């Protein structure tokens, strides 16, 4: 039997591999989300200027 078993049942190497994939996927998602917000802001800003929406 193993001395150190994990709750999830995955090995340390598998956990590190999953973590690397998760982090890179999350960073890709964040890049897409930030780009979408920048494009939406350029199209139609959601905070009015000093003179309001006019």
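For all residues, glycine too, the Cβ spot is worked out from N, Cα and C.
Going by Swiss-Prot, these are the annotated features:
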TOPO_DOM  1-20  topological domain 'Cytoplasmic'
BINDING   19, 37  bacteriochlorophyll binding site
TRANSMEM  21-43  transmembrane segment
TOPO_DOM  44-54  topological domain 'Periplasmic'
Exercise for the section: Go through the chain and flag residues at least 6 beyond the ends of the topological domain 'Periplasmic' (44-54) whose CB is under 8 A from any CB in it; none is fine as an answer. Expected result: none
Exercise for the section: List the residues of the same chain that sit at least 6 positions away from residue 19 (bacteriochlorophyll binding site) in sequence and have their Cβ under 8 Å from its Cβ, in sequence order, or write 'none'. Expected result: none
Handout entry: Packing count at residue 37 (bacteriochlorophyll binding site) (other Cβ atoms within 10 Å of its Cβ)
Key = 11
Practice task
Tally the residues of the topological domain 'Periplasmic' (44-54) by DSSP class, grouping H, G and I as helix, E and B as strand, and everything else as coil.
Solution key: 0 helix, 2 strand, 9 coil
Handout entry: Arithmetic mean of per-residue pLDDT over the topological domain 'Periplasmic' (44-54)
Key = 83
